[in-house]
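In Swiss-Prot this protein carries:
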BINDING   R64, Y204, K210, R330  substrate binding site
BINDING   K210, H229, D266  Mn(2+) binding site
BINDING   K210, H229, 245-253, E294, R330, 446-447, T452  ATP binding site
Amino acid sequence: MEHKKAALLDLTQYGLTGVTDVLRNPSYEQLFEEETRPDLEGYERGVMTELGSVAVDTGIFTGRSPKDKYIVKDDTTKDTLWWSDQGKNDNKAITPAVWDDLKSLVTTQLSGKRLFVIDGFCGANPDTRLNVRIITEVAWQAHFVKNMFIRPTEAELENFEPDFVVMNGAKVTNPNYEKHGLNSENFVAFNLTERVQIIGGTWYGGEMKKGMFAMMNYLLPLKGIASMHCSANVGEKGDVAVFFGLSGTGKTTLSTDPKRQLIGDDEHGWDDDGIFNFEGGCYAKTIRLSKEAEPDIYNAIRRDALLENVTVRSDSSIDFNDGSKTENTRVSYPIYHIDNIVKPVSKAGHAKKVIFLTADAFGVLPPVAKLTPEQTKYHFLSGFTAKLAGTERGITEPTPTFSAAFGAAFLTLHPTQYAEVLVKRMEAAGAEAYIVNTGWNGTGKRISIQDTRGIIDAILDGSIDQAKTKNIPVFNLEVPTSLPGVDASILDPRDTYTDPLQWDSKAEDLAQRFIKNFAQYTDNEEGKALVKAGPQL
(Lines of atoms letter the chains of each structure in order from A; the text may use other names.)
(Lines give C-alpha, C1' and ligand atoms only; values in the text may rest on other atoms or scores of the structure.)
Protein backbone atom coordinates (compact mmCIF):
# COMPACT_ATOMS: atom_id res chain seq x y z
CA MET A 1 0.00 0.00 0.00
CA GLU A 2 2.71 2.39 1.13
CA HIS A 3 4.85 1.64 -1.91
CA LYS A 4 2.03 2.03 -4.45
CA LYS A 5 1.25 5.51 -3.13
CA ALA A 6 4.91 6.39 -3.19
CA ALA A 7 5.19 5.75 -6.91
CA LEU A 8 2.84 8.69 -7.46
CA LEU A 9 5.14 11.15 -5.69
CA ASP A 10 6.00 13.83 -8.24
CA LEU A 11 9.66 14.90 -8.09
CA THR A 12 9.68 16.94 -11.32
CA GLN A 13 9.19 20.13 -9.25
CA TYR A 14 12.79 19.60 -8.03
CA GLY A 15 14.13 19.19 -11.56
CA LEU A 16 14.21 15.39 -11.35
CA THR A 17 12.96 13.68 -14.51
CA GLY A 18 12.59 10.11 -15.74
CA VAL A 19 12.68 8.72 -12.21
CA THR A 20 12.04 4.98 -12.54
CA ASP A 21 10.76 4.31 -9.02
CA VAL A 22 10.32 6.13 -5.71
CA LEU A 23 10.57 4.36 -2.37
CA ARG A 24 8.99 6.86 0.01
CA ASN A 25 9.64 6.33 3.72
CA PRO A 26 10.38 2.61 3.33
CA SER A 27 10.34 0.43 6.45
CA TYR A 28 13.57 -0.47 8.24
CA GLU A 29 13.09 -4.00 6.90
CA GLN A 30 12.97 -2.73 3.30
CA LEU A 31 16.01 -0.51 3.87
CA PHE A 32 17.96 -3.42 5.34
CA GLU A 33 17.27 -5.50 2.23
CA GLU A 34 18.17 -2.60 -0.07
CA GLU A 35 21.45 -1.59 1.62
CA THR A 36 22.79 -5.15 1.88
CA ARG A 37 21.96 -6.23 -1.69
CA PRO A 38 24.79 -8.44 -2.98
CA ASP A 39 24.99 -6.55 -6.30
CA LEU A 40 25.89 -3.23 -4.60
CA GLU A 41 29.48 -2.07 -4.94
CA GLY A 42 31.81 0.48 -3.37
CA TYR A 43 30.45 2.89 -0.79
CA GLU A 44 26.84 1.94 -1.55
CA ARG A 45 27.25 -1.46 0.01
CA GLY A 46 26.40 -2.16 3.63
CA VAL A 47 27.80 -5.18 5.47
CA MET A 48 26.17 -7.11 8.29
CA THR A 49 27.86 -7.15 11.69
CA GLU A 50 27.48 -9.62 14.55
CA LEU A 51 25.58 -7.00 16.58
CA GLY A 52 22.83 -7.00 13.95
CA SER A 53 23.50 -3.51 12.64
CA VAL A 54 24.72 -2.71 9.13
CA ALA A 55 28.12 -1.02 8.68
CA VAL A 56 29.03 1.29 5.79
CA ASP A 57 32.14 3.07 4.57
CA THR A 58 31.89 6.78 3.68
CA GLY A 59 35.07 6.90 1.59
CA ILE A 60 37.64 9.69 1.92
CA PHE A 61 35.13 11.85 3.78
CA THR A 62 34.93 10.49 7.32
CA GLY A 63 33.72 13.81 8.69
CA ARG A 64 32.12 16.97 7.42
CA SER A 65 34.02 18.97 4.83
CA PRO A 66 33.69 22.58 6.06
CA LYS A 67 35.87 23.95 3.25
CA ASP A 68 33.29 22.76 0.71
CA LYS A 69 30.24 24.42 2.31
CA TYR A 70 28.49 27.25 0.44
CA ILE A 71 25.39 29.40 0.85
CA VAL A 72 23.74 31.43 -1.89
CA LYS A 73 24.13 35.16 -1.28
CA ASP A 74 20.93 36.85 -2.41
CA ASP A 75 18.28 39.25 -1.09
CA THR A 76 17.19 36.73 1.56
CA THR A 77 20.63 36.23 3.09
CA LYS A 78 22.92 39.12 2.20
CA ASP A 79 22.15 41.22 5.30
CA THR A 80 21.16 38.56 7.85
CA LEU A 81 23.71 35.78 7.43
CA TRP A 82 27.05 35.62 9.27
CA TRP A 83 29.35 35.35 6.24
CA SER A 84 32.84 33.83 6.28
CA ASP A 85 34.46 37.16 5.47
CA GLN A 86 32.94 38.61 8.67
CA GLY A 87 34.10 35.95 11.12
CA LYS A 88 35.59 32.51 11.63
CA ASN A 89 32.99 30.31 10.00
CA ASP A 90 32.30 28.16 6.96
CA ASN A 91 29.50 30.26 5.41
CA LYS A 92 31.15 30.95 2.08
CA ALA A 93 29.01 32.87 -0.41
CA ILE A 94 28.17 31.68 -3.92
CA THR A 95 26.15 33.44 -6.59
CA PRO A 96 22.75 32.19 -7.77
CA ALA A 97 24.43 31.34 -11.12
CA VAL A 98 26.97 29.01 -9.47
CA TRP A 99 24.13 27.47 -7.46
CA ASP A 100 22.22 26.74 -10.67
CA ASP A 101 25.27 24.95 -12.11
CA LEU A 102 25.78 22.85 -8.97
CA LYS A 103 22.09 22.03 -8.69
CA SER A 104 21.93 20.86 -12.29
CA LEU A 105 24.83 18.44 -11.60
CA VAL A 106 22.81 16.90 -8.76
CA THR A 107 19.47 16.81 -10.59
CA THR A 108 21.14 15.20 -13.63
CA GLN A 109 22.74 12.60 -11.34
CA LEU A 110 19.44 11.73 -9.64
CA SER A 111 17.25 11.85 -12.75
CA GLY A 112 16.42 8.56 -14.47
CA LYS A 113 17.16 6.63 -11.26
CA ARG A 114 15.32 4.63 -8.65
CA LEU A 115 15.18 7.00 -5.68
CA PHE A 116 14.59 6.91 -1.95
CA VAL A 117 12.57 9.75 -0.44
CA ILE A 118 12.47 10.21 3.32
CA ASP A 119 10.03 12.76 4.71
CA GLY A 120 10.71 13.70 8.31
CA PHE A 121 10.58 16.50 10.85
CA CYS A 122 13.43 18.57 12.24
CA GLY A 123 12.17 19.77 15.63
CA ALA A 124 9.89 18.09 18.20
CA ASN A 125 7.73 21.19 18.62
CA PRO A 126 4.99 21.14 15.94
CA ASP A 127 4.79 24.96 16.01
CA THR A 128 8.39 25.52 14.90
CA ARG A 129 9.54 22.29 13.26
CA LEU A 130 10.79 22.04 9.69
CA ASN A 131 9.24 19.50 7.36
CA VAL A 132 12.27 18.05 5.57
CA ARG A 133 12.28 15.90 2.42
CA ILE A 134 15.53 14.04 1.67
CA ILE A 135 16.06 12.57 -1.80
CA THR A 136 18.91 10.11 -2.46
CA GLU A 137 19.77 7.16 -4.70
CA VAL A 138 21.66 5.38 -1.90
CA ALA A 139 19.72 3.10 0.45
CA TRP A 140 21.94 3.53 3.49
CA GLN A 141 21.73 7.33 3.23
CA ALA A 142 17.94 6.97 3.39
CA HIS A 143 18.44 4.73 6.44
CA PHE A 144 20.69 7.36 8.06
CA VAL A 145 18.12 10.16 7.74
CA LYS A 146 15.27 7.85 8.80
CA ASN A 147 17.28 7.33 12.00
CA MET A 148 18.22 10.96 12.51
CA PHE A 149 15.07 12.95 11.70
CA ILE A 150 11.76 12.66 13.55
CA ARG A 151 9.67 9.96 11.89
CA PRO A 152 6.15 11.10 10.91
CA THR A 153 3.07 8.95 11.51
CA GLU A 154 1.11 7.61 8.52
CA ALA A 155 -1.45 10.36 9.08
CA GLU A 156 1.26 13.06 9.15
CA LEU A 157 2.67 11.71 5.88
CA GLU A 158 -0.71 12.02 4.13
CA ASN A 159 -0.55 15.82 3.81
CA PHE A 160 3.23 16.26 4.19
CA GLU A 161 4.48 19.39 2.45
CA PRO A 162 8.25 19.94 2.73
CA ASP A 163 9.63 23.24 4.05
CA PHE A 164 13.12 22.18 3.02
CA VAL A 165 14.42 19.68 0.46
CA VAL A 166 17.80 17.92 0.60
CA MET A 167 19.08 16.33 -2.62
CA ASN A 168 22.06 14.07 -2.02
CA GLY A 169 24.09 13.41 -5.17
CA ALA A 170 27.11 11.90 -3.42
CA LYS A 171 28.23 10.17 -6.64
CA VAL A 172 28.61 13.39 -8.65
CA THR A 173 31.46 15.91 -8.44
CA ASN A 174 31.92 19.36 -9.96
CA PRO A 175 34.50 19.35 -12.79
CA ASN A 176 34.29 23.16 -13.12
CA TYR A 177 35.04 24.05 -9.50
CA GLU A 178 38.08 26.19 -10.41
CA LYS A 179 36.05 28.21 -12.88
CA HIS A 180 33.40 28.65 -10.16
CA GLY A 181 36.09 29.78 -7.69
CA LEU A 182 35.30 26.93 -5.28
CA ASN A 183 37.55 24.89 -2.99
CA SER A 184 37.30 21.47 -4.67
CA GLU A 185 35.12 19.25 -6.83
CA ASN A 186 32.99 18.43 -3.76
CA PHE A 187 30.21 20.67 -2.49
CA VAL A 188 27.55 21.05 0.19
CA ALA A 189 25.43 24.05 -0.79
CA PHE A 190 22.33 25.78 0.55
CA ASN A 191 19.78 28.12 -0.98
CA LEU A 192 17.59 29.77 1.67
CA THR A 193 15.29 31.35 -0.91
CA GLU A 194 14.57 28.02 -2.62
CA ARG A 195 14.84 26.18 0.73
CA VAL A 196 17.06 23.48 -0.80
CA GLN A 197 20.34 21.79 0.20
CA ILE A 198 22.42 19.91 -2.37
CA ILE A 199 25.35 17.56 -1.78
CA GLY A 200 27.97 16.35 -4.28
CA GLY A 201 31.13 14.30 -3.89
CA THR A 202 30.95 13.51 -0.17
CA TRP A 203 29.25 10.37 1.16
CA TYR A 204 29.45 11.41 4.82
CA GLY A 205 25.98 11.05 6.35
CA GLY A 206 26.48 13.88 8.83
CA GLU A 207 26.30 16.49 6.04
CA MET A 208 22.52 15.96 5.83
CA LYS A 209 21.97 16.09 9.59
CA LYS A 210 24.19 19.11 10.20
CA GLY A 211 22.88 20.87 7.11
CA MET A 212 19.39 21.05 8.56
CA PHE A 213 20.83 22.08 11.94
CA ALA A 214 22.47 25.07 10.24
CA MET A 215 19.08 25.99 8.77
CA MET A 216 17.35 25.76 12.18
CA ASN A 217 20.16 27.96 13.50
CA TYR A 218 19.08 30.57 10.96
CA LEU A 219 15.32 30.38 11.41
CA LEU A 220 14.78 29.96 15.18
CA PRO A 221 16.84 32.77 16.80
CA LEU A 222 15.11 35.25 14.49
CA LYS A 223 11.92 34.18 16.35
CA GLY A 224 13.57 34.52 19.79
CA ILE A 225 14.03 30.75 20.19
CA ALA A 226 17.44 29.47 21.29
CA SER A 227 18.96 27.01 18.81
CA MET A 228 21.70 25.02 20.49
CA HIS A 229 24.49 22.54 19.71
CA CYS A 230 23.89 20.58 22.89
CA SER A 231 22.56 17.38 24.39
CA ALA A 232 19.81 17.42 27.02
CA ASN A 233 18.30 15.19 29.67
CA VAL A 234 15.80 15.36 32.53
CA GLY A 235 15.79 13.95 36.06
CA GLU A 236 12.96 12.30 38.01
CA LYS A 237 11.88 15.66 39.42
CA GLY A 238 11.61 17.22 35.97
CA ASP A 239 14.95 19.03 36.34
CA VAL A 240 16.37 19.63 32.86
CA ALA A 241 20.07 19.95 32.01
CA VAL A 242 21.70 20.89 28.72
CA PHE A 243 25.26 19.99 27.73
CA PHE A 244 27.00 22.19 25.17
CA GLY A 245 30.18 20.98 23.55
CA LEU A 246 31.99 20.37 20.31
CA SER A 247 32.43 16.95 18.75
CA GLY A 248 34.22 14.51 21.04
CA THR A 249 33.82 16.47 24.29
CA GLY A 250 31.24 14.08 25.76
CA LYS A 251 27.78 15.43 24.83
CA THR A 252 26.35 12.04 23.87
CA THR A 253 28.19 10.02 26.52
CA LEU A 254 27.41 12.29 29.47
CA SER A 255 23.77 12.96 28.64
CA THR A 256 23.13 9.21 28.21
CA ASP A 257 22.74 8.60 31.94
CA PRO A 258 20.85 5.63 33.45
CA LYS A 259 19.53 7.93 36.22
CA ARG A 260 18.02 10.46 33.81
CA GLN A 261 15.82 10.43 30.73
CA LEU A 262 17.45 11.51 27.48
CA ILE A 263 15.79 14.32 25.53
CA GLY A 264 18.42 14.23 22.78
CA ASP A 265 22.16 14.07 22.18
CA ASP A 266 23.11 16.92 19.84
CA GLU A 267 20.65 19.58 18.66
CA HIS A 268 17.95 21.36 20.66
CA GLY A 269 15.76 24.43 20.80
CA TRP A 270 14.62 26.39 23.88
CA ASP A 271 11.29 28.16 23.53
CA ASP A 272 8.52 29.41 25.84
CA ASP A 273 7.59 25.82 26.75
CA GLY A 274 11.12 24.57 27.42
CA ILE A 275 13.73 22.36 25.75
CA PHE A 276 12.94 20.30 22.64
CA ASN A 277 15.01 17.98 20.47
CA PHE A 278 15.44 18.67 16.75
CA GLU A 279 16.13 15.02 16.00
CA GLY A 280 14.64 11.53 16.08
CA GLY A 281 17.93 9.74 16.61
CA CYS A 282 21.45 9.83 18.01
CA TYR A 283 24.80 9.96 16.24
CA ALA A 284 27.36 8.63 18.69
CA LYS A 285 31.12 8.30 18.33
CA THR A 286 32.19 4.66 18.68
CA ILE A 287 35.99 4.86 18.80
CA ARG A 288 37.19 2.70 21.72
CA LEU A 289 33.57 2.04 22.70
CA SER A 290 33.17 -0.58 25.42
CA LYS A 291 30.10 -2.26 26.82
CA GLU A 292 31.38 -1.66 30.36
CA ALA A 293 32.02 2.10 30.07
CA GLU A 294 29.06 3.02 27.85
CA PRO A 295 26.44 0.24 28.08
CA ASP A 296 23.53 2.35 26.76
CA ILE A 297 25.30 3.31 23.55
CA TYR A 298 26.77 -0.18 23.08
CA ASN A 299 23.34 -1.78 23.49
CA ALA A 300 21.83 0.68 21.00
CA ILE A 301 24.01 -0.89 18.29
CA ARG A 302 21.60 -3.50 17.02
CA ARG A 303 19.30 -4.04 14.03
CA ASP A 304 18.25 -0.65 12.51
CA ALA A 305 21.39 1.09 13.82
CA LEU A 306 23.88 2.12 11.13
CA LEU A 307 27.64 2.04 11.76
CA GLU A 308 30.05 4.27 9.81
CA ASN A 309 33.73 3.62 9.11
CA VAL A 310 34.25 0.98 11.79
CA THR A 311 36.51 -2.01 11.16
CA VAL A 312 34.43 -5.15 10.59
CA ARG A 313 36.46 -8.36 10.84
CA SER A 314 35.90 -11.32 8.51
CA ASP A 315 33.79 -13.05 11.20
CA SER A 316 31.46 -9.97 11.31
CA SER A 317 32.78 -8.86 14.71
CA ILE A 318 33.64 -5.17 15.14
CA ASP A 319 36.98 -3.77 16.27
CA PHE A 320 35.87 -0.56 18.01
CA ASN A 321 39.49 0.17 19.00
CA ASP A 322 40.71 0.45 15.41
CA GLY A 323 40.99 4.10 14.40
CA SER A 324 43.10 3.44 11.29
CA LYS A 325 40.30 4.57 8.96
CA THR A 326 39.30 7.52 11.18
CA GLU A 327 38.99 8.44 14.85
CA ASN A 328 35.50 9.67 13.91
CA THR A 329 33.84 6.25 13.73
CA ARG A 330 30.12 6.62 14.43
CA VAL A 331 26.77 4.97 14.80
CA SER A 332 23.34 6.42 14.09
CA TYR A 333 20.31 4.86 15.73
CA PRO A 334 16.68 5.83 16.32
CA ILE A 335 16.38 7.48 19.74
CA TYR A 336 14.14 4.68 21.07
CA HIS A 337 17.18 2.37 21.00
CA ILE A 338 18.03 4.11 24.27
CA ASP A 339 15.60 2.75 26.89
CA ASN A 340 15.65 5.76 29.13
CA ILE A 341 14.20 8.51 26.93
CA VAL A 342 11.52 11.15 27.28
CA LYS A 343 8.33 9.78 25.69
CA PRO A 344 6.28 10.16 23.57
CA VAL A 345 7.87 13.40 22.34
CA SER A 346 11.50 14.42 22.90
CA LYS A 347 10.83 17.59 24.87
CA ALA A 348 10.73 18.75 28.48
CA GLY A 349 10.53 21.89 30.63
CA HIS A 350 13.03 24.74 31.06
CA ALA A 351 16.67 23.94 31.82
CA LYS A 352 18.00 24.64 35.32
CA LYS A 353 21.60 23.57 34.62
CA VAL A 354 23.64 24.60 31.59
CA ILE A 355 26.95 22.75 31.21
CA PHE A 356 29.73 23.80 28.82
CA LEU A 357 31.91 20.79 27.98
CA THR A 358 35.46 21.38 26.84
CA ALA A 359 38.29 18.94 26.14
CA ASP A 360 41.36 20.98 27.06
CA ALA A 361 44.43 19.51 25.38
CA PHE A 362 46.66 21.96 27.24
CA GLY A 363 45.90 20.55 30.69
CA VAL A 364 45.10 24.01 32.10
CA LEU A 365 41.38 24.26 32.83
CA PRO A 366 39.89 22.68 35.96
CA PRO A 367 37.58 19.66 35.67
CA VAL A 368 34.71 21.90 36.82
CA ALA A 369 33.96 25.52 37.71
CA LYS A 370 30.74 27.43 38.34
CA LEU A 371 30.30 30.45 36.07
CA THR A 372 28.91 33.91 36.75
CA PRO A 373 26.43 35.31 34.17
CA GLU A 374 29.27 37.33 32.58
CA GLN A 375 31.58 34.30 32.49
CA THR A 376 28.70 32.32 30.94
CA LYS A 377 28.52 34.75 28.02
CA TYR A 378 32.31 34.92 27.72
CA HIS A 379 32.83 31.14 27.60
CA PHE A 380 29.80 30.62 25.35
CA LEU A 381 31.19 33.08 22.81
CA SER A 382 34.71 31.63 23.19
CA GLY A 383 33.55 28.01 22.75
CA PHE A 384 36.98 26.62 23.57
CA THR A 385 37.96 23.00 23.19
CA ALA A 386 40.68 20.94 21.58
CA LYS A 387 39.73 19.58 18.18
CA LEU A 388 39.95 15.85 18.59
CA ALA A 389 41.44 13.55 16.02
CA GLY A 390 39.55 12.99 12.81
CA THR A 391 36.14 14.57 13.45
CA GLU A 392 36.82 16.80 10.46
CA ARG A 393 38.85 16.10 7.36
CA GLY A 394 42.51 17.03 7.69
CA ILE A 395 42.73 17.07 11.49
CA THR A 396 44.56 14.25 13.24
CA GLU A 397 46.19 15.78 16.36
CA PRO A 398 44.45 17.50 19.27
CA THR A 399 44.76 21.22 18.53
CA PRO A 400 43.12 24.09 20.40
CA THR A 401 40.09 25.58 18.76
CA PHE A 402 37.62 28.34 19.54
CA SER A 403 34.15 27.80 18.15
CA ALA A 404 31.51 30.39 19.04
CA ALA A 405 28.46 28.96 20.82
CA PHE A 406 30.26 25.57 20.85
CA GLY A 407 29.17 25.17 17.24
CA ALA A 408 30.50 27.97 14.98
CA ALA A 409 30.54 25.52 12.06
CA PHE A 410 26.74 25.40 12.20
CA LEU A 411 25.95 29.05 13.02
CA THR A 412 24.29 31.06 10.30
CA LEU A 413 23.74 34.28 12.31
CA HIS A 414 26.26 36.35 14.29
CA PRO A 415 27.34 34.51 17.49
CA THR A 416 26.19 37.33 19.77
CA GLN A 417 22.60 36.64 18.64
CA TYR A 418 22.81 33.10 20.05
CA ALA A 419 24.42 34.32 23.28
CA GLU A 420 21.68 36.91 23.80
CA VAL A 421 18.85 34.42 23.23
CA LEU A 422 20.47 31.78 25.47
CA VAL A 423 21.14 34.15 28.37
CA LYS A 424 17.58 35.53 28.15
CA ARG A 425 16.20 32.00 28.36
CA MET A 426 18.57 31.13 31.25
CA GLU A 427 17.62 34.25 33.23
CA ALA A 428 13.90 33.60 32.76
CA ALA A 429 14.35 30.02 34.01
CA GLY A 430 16.82 30.85 36.81
CA ALA A 431 19.37 28.49 35.26
CA GLU A 432 23.01 28.23 36.35
CA ALA A 433 26.05 27.53 34.17
CA TYR A 434 29.16 25.42 34.72
CA ILE A 435 32.24 24.68 32.64
CA VAL A 436 33.39 21.04 32.71
CA ASN A 437 36.75 19.96 31.29
CA THR A 438 36.63 16.38 29.98
CA GLY A 439 40.15 16.70 28.55
CA TRP A 440 43.64 16.30 29.94
CA ASN A 441 45.57 17.43 33.00
CA GLY A 442 49.17 17.47 34.22
CA THR A 443 49.36 13.68 34.38
CA GLY A 444 49.22 13.61 30.57
CA LYS A 445 46.12 11.42 30.82
CA ARG A 446 42.52 12.27 30.05
CA ILE A 447 40.28 12.91 33.06
CA SER A 448 38.48 9.60 33.68
CA ILE A 449 34.88 9.18 32.60
CA GLN A 450 34.10 8.05 36.17
CA ASP A 451 35.38 11.33 37.64
CA THR A 452 33.56 13.36 35.00
CA ARG A 453 30.32 11.49 35.71
CA GLY A 454 30.83 12.21 39.44
CA ILE A 455 31.22 15.91 38.62
CA ILE A 456 28.07 15.91 36.47
CA ASP A 457 26.15 14.16 39.29
CA ALA A 458 27.31 16.85 41.75
CA ILE A 459 26.10 19.59 39.39
CA LEU A 460 22.75 17.91 38.79
CA ASP A 461 21.99 17.05 42.42
CA GLY A 462 23.13 20.49 43.61
CA SER A 463 25.88 19.21 45.92
CA ILE A 464 28.47 21.26 44.00
CA ASP A 465 26.71 24.43 45.19
CA GLN A 466 27.37 23.41 48.83
CA ALA A 467 31.06 22.60 48.25
CA LYS A 468 33.87 24.81 49.53
CA THR A 469 35.64 26.54 46.64
CA LYS A 470 38.95 28.15 45.83
CA ASN A 471 39.97 30.48 43.05
CA ILE A 472 42.11 29.37 40.11
CA PRO A 473 44.31 32.30 39.05
CA VAL A 474 44.65 33.67 35.50
CA PHE A 475 41.23 32.29 34.48
CA ASN A 476 39.57 33.53 37.70
CA LEU A 477 37.45 30.38 38.06
CA GLU A 478 35.85 29.16 41.31
CA VAL A 479 36.51 25.44 41.74
CA PRO A 480 35.27 23.05 44.45
CA THR A 481 37.89 21.60 46.79
CA SER A 482 36.04 18.28 47.10
CA LEU A 483 33.05 16.53 45.53
CA PRO A 484 31.45 13.17 46.38
CA GLY A 485 32.81 10.31 44.28
CA VAL A 486 35.47 12.46 42.58
CA ASP A 487 39.23 12.17 43.04
CA ALA A 488 39.94 15.40 44.97
CA SER A 489 43.53 15.56 43.70
CA ILE A 490 42.34 16.52 40.19
CA LEU A 491 39.97 19.39 41.10
CA ASP A 492 42.76 21.97 41.12
CA PRO A 493 44.63 21.36 37.84
CA ARG A 494 47.86 22.78 39.35
CA ASP A 495 47.99 19.79 41.73
CA THR A 496 48.28 17.37 38.78
CA TYR A 497 51.71 18.74 37.77
CA THR A 498 54.92 17.62 39.45
CA ASP A 499 56.13 21.18 38.89
CA PRO A 500 53.33 23.77 39.38
CA LEU A 501 55.34 26.28 37.32
CA GLN A 502 54.53 24.14 34.28
CA TRP A 503 50.84 24.89 34.83
CA ASP A 504 51.63 28.61 35.14
CA SER A 505 53.39 28.79 31.78
CA LYS A 506 50.72 26.69 30.03
CA ALA A 507 47.97 28.80 31.60
CA GLU A 508 49.62 31.98 30.36
CA ASP A 509 49.89 30.52 26.84
CA LEU A 510 46.23 29.44 26.81
CA ALA A 511 45.07 32.75 28.32
CA GLN A 512 46.78 34.65 25.51
CA ARG A 513 44.92 32.51 22.97
CA PHE A 514 41.59 33.23 24.70
CA ILE A 515 42.30 36.97 24.73
CA LYS A 516 43.37 37.01 21.09
CA ASN A 517 40.28 35.06 20.03
CA PHE A 518 37.86 37.22 22.03
CA ALA A 519 39.13 40.43 20.42
CA GLN A 520 36.67 39.76 17.55
CA TYR A 521 33.75 40.47 19.94
CA THR A 522 35.10 43.74 21.35
CA ASP A 523 33.74 45.88 18.52
CA ASN A 524 30.78 46.87 20.72
CA GLU A 525 30.28 47.96 24.35
CA GLU A 526 28.82 44.67 25.54
CA GLY A 527 31.76 42.73 24.12
CA LYS A 528 34.26 45.13 25.71
CA ALA A 529 32.54 44.72 29.09
CA LEU A 530 32.83 40.93 28.89
CA VAL A 531 36.65 40.99 28.59
CA LYS A 532 36.82 41.25 32.42
CA ALA A 533 35.04 37.88 32.68
CA GLY A 534 37.83 36.14 30.77
CA PRO A 535 41.43 35.32 31.70
CA GLN A 536 43.60 38.18 32.95
CA LEU A 537 47.37 38.34 32.54
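Cβ atoms are placed via backbone N, Cα and C, with glycine included.
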Task: Cα-Cα distance maximum in Å, computed over every pair in R64, Y204, K210, R330 that the record assigns to substrate - done: 14
Open item on the list: So among T249, K251, T253, D266, I447, all listed as binding-site residues, which is physically nearest to K210 (substrate binding site)? Use the C-alpha atoms.
Closed with: D266
Open item on the list: Using DSSP and collapsing to three states, where does R330 (substrate binding site) fall: helix, strand or coil?
Closed with: strand
Open item on the list: Suppose the Mn(2+) site is K210, H229, D266. Which further residues of the same chain have a Cβ inside 8 angstroms of that site's Cβ centroid?
Closed with: K209, F213, E267, G407, F410
Task: T249 (ATP binding site) versus D266 (Mn(2+) binding site) - Cα distance in angstrom - done: 12
- [ ] Pull out the binding-site residues from the set R64, Y204, G245, T253 whose C-alpha sits within 10 Å of the C-alpha of H229 (Mn(2+) binding site).
- [x] G245
TODO: Only counting partners 6 or more residues apart, tell me which same-chain residues put their Cβ under 8 Å from the Cβ of T253 (ATP binding site).
DONE: A284, E294, I297, I449
Open item on the list: Given the binding-site residues G245, S247, T249, K251, I447, find the one whose Cα is closest in space to the Cα of Y204 (substrate binding site).
Closed with: S247
Task: Cα distance (Å, whole number) from R330 (substrate binding site) to K251 (ATP binding site) - done: 14
